[in-house]
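Record features (Swiss-Prot):
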BINDING   20-24, Asp50, 166-167, Gln190, 216-221, 270-280  NADP(+) binding site
ACT_SITE  Tyr55  active site, proton donor
SITE      Lys84  site 'Lowers pKa of active site Tyr'
BINDING   His117  substrate binding site
Amino acid sequence: MDPKGQRVKLNDGHFIPVLGFGTFAPREVPKSEALEVTKFAIEAGFRHIDSAHLYQNEEQVGQAIRSKIADGTVKREDIFYTSKLWSTSLRPELVRPALEKSLNNLQLDYVDLYIIHFPVALKPGETLFPTDENGKPIFDSVDLCRTWEALEKCKDAGLTKSIGVSNFNHKQLEKILNKPGLKYKPVCNQVECHPYFNQSKLLDFCKSHDIVLVAYGALGSQRLKEWVNPNLPFLLEDPVLSAIAKKHRQTPALVALRYQIQRGVVVLAKSYNKKRIKENIQVFDFELTPEDMKAIDGLNSNMRYNELLLGVGHPEYPFVEEY
């Protein structure tokens, strides 16, 4: 942690802000909103912005970042921007063109972090979710170690400062860590993580290898029908979280975010609501007690909101492992 406790050091020497702004929004949300809310998030104090080629909003998010640099709110080096390599570009020869496409959409010279979004390779092409005539995903077969080597080259070329992964299980991480001739370790593994699914085993594994765990879905997910089982309970209505929030005069969302930061997890707060964006930055204004942390640990039931079922049946589908 740096003095203000708001950034952690990655294993390659760069620093990542512990609180990030997630820019993903459902399809029906107009893309122009990504521009507005990202500008607002930067004004509110967010310095870590998380997006991806899959979100189809990098043009707007890049525009927001550039406008806040142009008006003097921030310098480029104040912003930590993450993009992600989508599953249709996991073949090694497609990695750099995919990153260059993101940079072109963003109109930025580099990203701070480039990560493999999901270890399941899909058929290359413009279609994000290629399917056959029966609506089944069309998989591709790619050695993730070769994909990783292509990411290492992107780092060497200065297109990204750091490289990492997302939605990997510990065996997939091990495969990269044990790869002969490994040049750079993944700096992070971005996974679903919240009090109902606290990823304690994966977190311990990552910490033991100096890999930062980044939490998405930290507030329990946006519950999009195509991704999330609608019968699952709402995290933010949990009585234990509510009681702890009341005690600290905070919201359950802030308690859920604070919980991650105190465990050494980098946490993404995803909201397109300006009041809540402003509220989420207040996560640094209070501290949970060891008793609070223990009570929240007790909520874990290994309940995954985002099963990413499109990858089921692929040999690299990550969620068949316990962690």
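Just so you know, glycine gets a Cβ as well, placed from its N, Cα and C.
Taking the features listed in Swiss-Prot, we show where each one sits on the structure.
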residue : record                               : CB count, 10 Å
Gly20   : NADP(+) binding site                 : 27
Phe24   : NADP(+) binding site                 : 19
Tyr55   : active site, proton donor            : 20
Lys84   : site 'Lowers pKa of active site Tyr' : 26
His117  : substrate binding site               : 21
Gln190  : NADP(+) binding site                 : 26
Leu219  : NADP(+) binding site                 : 25
Ser271  : NADP(+) binding site                 : 19
Lys275  : NADP(+) binding site                 : 8
Glu279  : NADP(+) binding site                 : 18
Pairwise Cα distance for Phe24 (NADP(+) binding site)/Tyr55 (active site, proton donor) [Å, integer]: 6
Local backbone state of Lys84 (site 'Lowers pKa of active site Tyr'), from DSSP in three classes: strand
